[in-house]
Ligand SMILES: Nc1ncnc2c1ncn2[C@@H]1O[C@H](COP(=O)(O)OP(=O)(O)O)[C@@H](O)[C@H]1O
Ligand SMILES: O=P(O)(O)OC[C@H](O)CO
């Protein structure tokens, strides 16, 4: 019986293969860390061949570990770090440059030049995105400009572009399929949100030939079959950006449903279904998924430093020895004693978008202890999230009454209780921590009939803990006002 789904979660720091059964149970996990290269300040690159090798490695490892055979896998779903860009030679299959990672700022000058030409509004209107090197378009431009002859080769149809979903599908199908899905394509800055196709005006502006771009497809469909890897070809039945996958894995299927992933950064997404909401408050608009031609759009706010601030307490300040210790230490004091930590080490993301801002610790006195700083750092994850939630409420006109959470730092109960308090909102943690991979598994399973309908999936969601707001309103407002003062002081600095 083909009872299992394999999700490949190709993330920034590692590639994982996770096997799920029909009841959403995790049967096995294999993981391989990836190397990041920092050739210049602000540049982040990876080797796309290593990403492929890590993918093959974890697929075989998870099967070996669990004893499950390839014939028992009903489908593979791929979810991936978004925006990260690779360009390769169609004939040889070799990348012509390193994969440029979403965090990398090396293509900033193209965005600055377009900003100076006043093109930001037009691009935002068409793509839902802010003119920033975060997205793929300027990264492709960088590669075509920096590899000798690349522009001409691309125009002759000799080069292909892909985000990691496309690269892995192409490799898994042995070069048979060059495709992406709408959720990934919506982060390239080349796709028009309304037509869900590449936009001619944008292609011209970036001087990117259409023939190097993957076909855009639904998120959940049989794209192809594995070729050459296993005795039996396995259908590849979902491609989906990792943050959208987590929204799906959390079964946030209704308009107004919100999930927040507390990882290295925070990614907060709201499902707005068929509505394209253009943010007035620094949020992004993109596609969540398209299933059988039905598109769900999302509003997204990204916070650059969240769990990374906890790592800074551990590795930078060395005042905790593990991330989990942050919780017990924070609880050793009753409050932060007026201390605020603003961990904008790499600038401020949504809703501020101030790339140059540095971080800070404010409100220090002679009585400030390590525990106050630890507590204030955890609280900063909740405050940054609140800023995005408030922006989302304004943009969508919807009150956010509950928020579903996942990611490494969502293990921290103190954080989630404070988040609930400060937002005056229910915070819900599900029993399954691997919601990103689960989302990809659901989308693949839907395409091959393991689950017949989204409602069958909805039933699988199980609550592990609910955090209810307990803070008095006056206290809540005072806390938020303090944060506002801290953020403004930092932006002035
Ligand atoms: N108990 C905890 N309290 C606070 N932060 C935590 C805790 N456990 C893990 N983290 C943080 O979560 C992050 C890892 O989460 P993860 O979802 O694996 O991130 P990513 O997918 O971005 O690599 C790290 O930055 C770590 O510091
Ligand atoms: O790989 P992650 O989990 O850090 O996610 C990266 C995001 O998709 C970037 O947009």
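Placement of Cβ uses the backbone N, Cα and C atoms for every residue, glycine included.
Just so you know, TrEMBL annotations never went through curation; they're auto-generated.
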Have a look through 307, 360, 363 and flag the one TrEMBL assigns to the ADP site that 12, 16, 264, 408, 412 belong to.
307
One of 4, 134, 297 listed by TrEMBL as binding glycerol at the site of 82, 83, 242, 243:
134
Expressed to the nearest Å, what is the distance separating residue 242 (sn-glycerol 3-phosphate binding site) and residue 408 (ATP binding site) at their Cα atoms?
15
Looking at the binding-site residues listed here (82, 83, 412), whose Cα lies nearest to that of residue 307 (ATP binding site)?
412
Rounded to the nearest Å, what's the C-alpha distance separating residue 82 (sn-glycerol 3-phosphate binding site) and residue 412 (ADP binding site)? Just drop the number here, would you?
26
Mean per-residue pLDDT computed across the domain 'Carbohydrate kinase FGGY N-terminal' (4-249):
95
Which residues of the same chain, at least 6 positions away in sequence, have a Cβ lying under 8 Å from the Cβ of residue 83 (sn-glycerol 3-phosphate binding site)?
102, 134, 135, 136, 139, 163, 187, 188
Under 6 Å from ligand 1 by Cβ, which binding-site residues from 14, 16, 82, 83, 134, 242?
none
If I take the alpha carbons of residue 13 (ATP binding site) and residue 412 (ADP binding site), what is the distance between them in whole Å?
21
